[in-house]
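Peer 1: Have a look at the structure that comes next, please.
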Amino acid sequence: TPCLQRTAGSSSDGTADSDDSGDHEKTDSSHSEASQRNNTRLTRASLRLSQSSQVVQNTSETVHFYTLWIKYVLKDESPPRTPTGNAPSSESDIDISSPNASHDESVTKDQKDSGSDPSRRPKRRRFHESYNFNMKCPTPGCNSLGHLTGKHERHFSISGCPLYHNLSVDECKVKAIEREKQEEERSQGQNEENRHATRHQAPTQRQVRYKEKVVEMRKRRDSGLTKDQKEKYMEHRQTHGTTREPLLENITSDYDLELFRKAQARAAEDLEKLRLQGQITEGSNMIKTILFGRYELDTWYHSPYPEEYARLGRLYICEFCLKYMKSQTILRRHMAKCVWKHPPGDEVYRKGAISVFEVDGKKNKFWRCNLCLLAKLFLDHKTLYYDVEPFLFYVMTEADNTGCHLVGYFSKEKNSFLNYNVSCILTMPQYMRQGYGKMLIDFSYLLSKVEERVGSPERPLSDLGLISYRSYWKEVLLRYMYNFKGKEISIKEISQETAVNPVDIVSTLQSLQMLKYWKGKHLVLKRQDLIDEWKAKETKRGNNNKTIDPSSLKWTPPKGT
């Protein structure tokens, strides 16, 4: 066809070229119009590019000025000139906390001289990283140098301040070296012992020597402070007040004081790790004290209260409904209209002024969450605050003419596959060391007896909780031994009668050195000296109200939970 011939022979056929000349003219005119439009676009793009380059240049000048001003603030250099050529009148002229100022990296003379060689460039740091040295320890007269652990060059909190603990930086380093040596000797001693030595109930020779050494060190403790020492301690207290730790020498034995110093160093190291990880900041986002009823309580641990409340440092809590507030005025107004006088649950136990309320986690979730947040202020191992539905709470109170005041509580799972009878247990600080902790533990085992189960607390236990449980297990076993009249005793029978887990019974017998392995059998020894000592304490204690009476319990195990 003509179209095919024209297309195929356009390069060699002269007739085809002449016939297409009109088409070429039209094509040339269209190309010229397109080129004009492209030139117009390029002109506009170049105009925008020039404008943006001017903005970038102004921005770079501003950023460079921010950098110079930061160097002036930190290094006391001469004040720089603003992009307009004038020096700022005050620090308020520059917003150092702006994103450009806090995240842009400064360009120093060394960087310019080094060029593009990466090996010669100085290490870059963000502004907030180089600004940390402006932080200062709150202890008066402290230069923030050293650390209580002896492992860090600086500190920014009281917990790691050597001056607050009446120590020097060099003394902290020496004590750190001594602690490391003791730890190495201890690990070497454990490695040298037979790995099966834990099966033998008798203490090893190394443990016996260490016990004798501790007893001898405690015997050398002074009977009391001399007059000069008392005057020195009083003078130290009057001079420094609460800004320094009281002098502790000669108050107890050197061994116990060294244990206390080790605990302080370990706690300071843990706080330093949390601070470096950003999980906690000393002095902020941590409630220091709470006003709870008639008491003002110092907190022990961090609790995840809302940030607006945690920043206050002091919290006001209603002791009946556990609502937390920001000021005493709000608390006073709340108490005038609060209708709660006891926990929102069923009273399952009452003897005298002591009552126990059973609170279901499904009902009134607001009160349970507030209870968990309050408990976290005094417990280290606690992770659940809001998921409280699978738990039952048993709250112990002491009643007077104003209401039932919170003494303590423990929680337990409704369906525990490992037969835990306690998930979390707490005695409020104002009621500690008065026998209420053992009452809570005894009540938990009383519920296990009614359920015809063997119970045990959920691990890990807190330090105070572990001490309380060991003391309770010891008292239960010695009472059982005192009342036992037979010749052969069985751990299984003890567990069934006391509802204590056999593992806890065995560990307690081992600590009392009442369990021996002889001729392939484990024998339980009845140590009369320990039983007589326990009986003497019981007689001296007399009849008090700090015991649980099983006849006062009005409770049936919940069904269908």
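Using N, Cα and C of the backbone, Cβ positions are placed for all residues, glycine too.
No curator has checked TrEMBL annotations; they are predicted automatically.
Look at TrEMBL and you will find 1-42, 76-135, 180-243, 541-561 tagged as region 'Disordered'. Here TrEMBL flags 21-31, 102-120, 180-196, 209-243 as compositional bias 'Basic and acidic residues'. If you look up TrEMBL, you'll see 88-99 marked as compositional bias 'Low complexity'. Per TrEMBL, domain 'MYST-type HAT' is recorded for 282-557. Sequence annotations record features per position, and here TrEMBL assigns active site, proton donor/acceptor to GLU458. Annotated compositional bias 'Polar residues' per TrEMBL: 542-554, in sequence order.
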Peer 1: By Cβ distance under 8 Å, which residues at least 6 away from the ends of the region 'Disordered' (541-561) in the same chain are close to it?
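Peer 2: Here the qualifying positions are 347-354, 358, 392, 414-415, 434-436, 438-439, 442-443, 446-447, 449-451.
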Peer 1: Please list residues from the chain of the residue listed as 'active site, proton donor/acceptor' whose Cβ is under 8 angstroms from its Cβ, counting only those at least six apart in sequence.
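Peer 2: Counting only residues 6 or more apart in sequence, the Cβ neighbours of the residue listed as 'active site, proton donor/acceptor' under 8 Å are LEU418, TYR420, VAL422, SER423, CYS424.
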Peer 1: For the compositional bias 'Basic and acidic residues' (209-243), DSSP counts of helix, strand and coil?
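Peer 2: Grouping H, G, I as helix and E, B as strand yields 28 helix, 0 strand, 7 coil.
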Peer 1: Mean pLDDT for the domain 'MYST-type HAT' (282-557), rounded to an integer?
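Peer 2: In the predicted model, the domain 'MYST-type HAT' (282-557) has a mean pLDDT of 88.
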Peer 1: Provide the three-state DSSP residue tally for the compositional bias 'Polar residues' (542-554): helix first, then strand, then coil.
Peer 2: 3 helix, 1 strand, 9 coil
